[in-house]
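Quick notes on the structure that follows.
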There are 2 protein chains.
Amino acid sequence: MKFELTILGSSSATPVFNRNPSAQLLNCNEKFYLIDCGEGTQQQLIKFGLKASKIDTIFISHLHGDHYFGLIGLISTMHLNGRIKPLYVYGPAALKDILDIQFKYSDTVLRFQLLFNPVVADEPRVIFQNQDVVVETIIMNHRIPCTGFKFSEKKRLRKVIADKLEEAGIAPEYYPLLKKGLDLTLPGGRFIKNSDYTVDSDAPKSYCYCSDTLADGSYLESLTNCTVLYHEATFLHELIERANTTHHSTALQAAEIAQEVGAGKLIIGHFSSRYKVLLPLLEEAKGKFHSTELALEGHTYSI
Amino acid sequence: MKFELTILGSSSATPVFNRNPSAQLLNCNEKFYLIDCGEGTQQQLIKFGLKASKIDTIFISHLHGDHYFGLIGLISTMHLNGRIKPLYVYGPAALKDILDIQFKYSDTVLRFQLLFNPVVADEPRVIFQNQDVVVETIIMNHRIPCTGFKFSEKKRLRKVIADKLEEAGIAPEYYPLLKKGLDLTLPGGRFIKNSDYTVDSDAPKSYCYCSDTLADGSYLESLTNCTVLYHEATFLHELIERANTTHHSTALQAAEIAQEVGAGKLIIGHFSSRYKVLLPLLEEAKGKFHSTELALEGHTYSI
């Protein structure tokens, strides 16, 4: 299935010229998930030719403004543009109060259902699943309750070896059962051993989003088998003390975590506004974990 | 004094490509006033090289999101950038609740004083003044309580006729009193008639901001002696019924109002997202009131 990530915002705390606060759009099998929604996310969607109307599910990591100030505007625009299908929002419980007070005073009654699901940042939990993906929280260590999110593909069906099945005269009507991994006994008693006619599918892929966190390793277990890891890298490692004080990570620490969990690829983002040029952050991370890329707004990364 | 307006946002309801929701920056004698603050206003300030730190006073017309969703982000950025001087905010009382709940859950204690002044949309009132300007509310007729704002220069001092004063041997120490319009009797009994030695200064200028309103003329009196009138013109007049239903104005109606109050210039804005090209709106307004301009983002208009 299609599984790709588009960066909409890569800045920490405040927007700076050409960088917007955190937001990412994940496409899993042509279903669109928005991860965080800093101010201006709807403008970024317009800029990159992405349709807000395609987003059905939104995950908000925590209630620092650079991760959610754009949500009320995005929802209002969906309403004004005539949306009728439901919108699912996952985030800290208080987010609902913040949205509701603004709907109240603008006298807005949404034309669609906003289905709000409070997320508790106490331990990793499955908070969402459909036929394509499972989403689990990752418990971050930040100044306020904060979760990351792990998106894992559902286990795929086995691949049938069509030539061999045809040669053996096994009718295509049995393929779906074989894809599911079943051994079969056909009418008449012929036994079909699944492993003779199918092979394992590719391993399910996963995308882990580590929003804002002290890089204390407390969440490493959640990153097991991570295909692509996004990890915040607010600072260069020379500012490790600042990172510790503010409960953020350095580029080097993000790389160490990617290495430790054996991630397939690392994307770093949430860059401090002090960095006009991002190359030193990339170089610092690549020195420890080669397969690192910068989160660049408008770029799409294959998972 | 310097008296000029920069448009930061000109779109109604939702942002569209290249147009952002309502926000304007007014420079009165190098003091900066922000009028409305739609989502992305802080990004617009960055884009146009304007410093958020220079803004000391913010006026919010009403609680539809396209006029204030950017406020919490702008204030947060001021905080994160180390602001210490106070910020004055004028707007509907509930705006304070909306800000406070977001500060609470992000665990933000502002390092500067946010001095909030609730504005009641019942009748025109003076809500602010300093040595440069007086600000009065204009009562709009919108779907929720809404005010516009009239910024009037303070009455200027009279101009002294320096040559004539010198010739008459009147010492410069008396000029400040003459500028204030006083007749003087000098020590020794010489009488100086003010009008012989001074002339009237230029008439004070004013800028009227009519945010969102049905163009029902109920607020015409507030627009007396308006030098520059900004009036919303959400629709072309062919959509007058839509304008009436949504309590908005057409370009033609904005022009009629400018004509009726004898404004020096009209700026139209708050354009519906349906208009990719704005020229028809301009032409419609100019047909009735020639001295009309479009509110174009990043453009500065002299008052």
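Glycine is treated like the rest: Cβ placed from N, Cα and C.
Taken from TrEMBL, the feature active site, proton acceptor covers A:Asp66. Same-chain residues at least 6 positions away in sequence with a Cβ under 8 Å from that of A:Asp66 (active site, proton acceptor) are, in sequence order, A:Ser11, A:Ser12, A:Ala13, A:Thr14, A:Pro21, A:Ser22, A:Gly38, A:Glu39.
As annotated by TrEMBL, Zn(2+) 1 binding site applies to A:His62, A:His64, A:His142, A:Asp212. Under the DSSP three-state reduction, A:His62 (Zn(2+) 1 binding site) is assigned to coil, being neither helix nor strand. Within 10 Å of the C-beta of A:His62 (Zn(2+) 1 binding site) there are 26 other C-beta atoms, taking all protein chains into account.
Under the DSSP three-state reduction, A:His270 (Zn(2+) 2 binding site) is assigned to coil, being neither helix nor strand. The Zn(2+) 2 binding site annotation in TrEMBL covers A:Asp66, A:His67, A:Asp212, A:His270.
Contacting chain B by the Cβ rule (under 8 Å between Cβ atoms), the binding-site residues A:His64, A:His67, A:His142 reduce to A:His64. Comparing A:His67 (Zn(2+) 2 binding site) with A:Asp212 (Zn(2+) 1 binding site), their Cα atoms are 9 Å apart once rounded.
For the pair A:His142 (Zn(2+) 1 binding site) and A:His270 (Zn(2+) 2 binding site), the C-alpha distance works out to 14 angstrom. Taking the Cα atom of each, A:His270 (Zn(2+) 2 binding site) and A:His62 (Zn(2+) 1 binding site) are about 14 angstrom apart. Apart from A:Asp66, A:His67, A:Asp212, A:His270, the residues listed for Zn(2+) 2, the same chain places the Cβ atoms of A:Ser12, A:Ala13, A:Pro21, A:Ser22, A:Asp36, A:Gly38, A:Ser61, A:His62, A:His64, A:Ser211, A:Glu232 within 8 Å of the centroid of those Cβ atoms. Within the set of binding-site residues (A:His64, A:His270), the lowest number of other Cβ atoms found within 10 Å of a Cβ is recorded at A:His64. Listed in chain order, the extra residues whose Cβ falls within 8 Å of the Cβ center of the Zn(2+) 1 site residues A:His62, A:His64, A:His142, A:Asp212 are A:Ser61, A:Leu63, A:His67, A:Met140, A:Arg143, A:Ile144, A:Cys146, A:Ser211, A:Thr213, A:His247.
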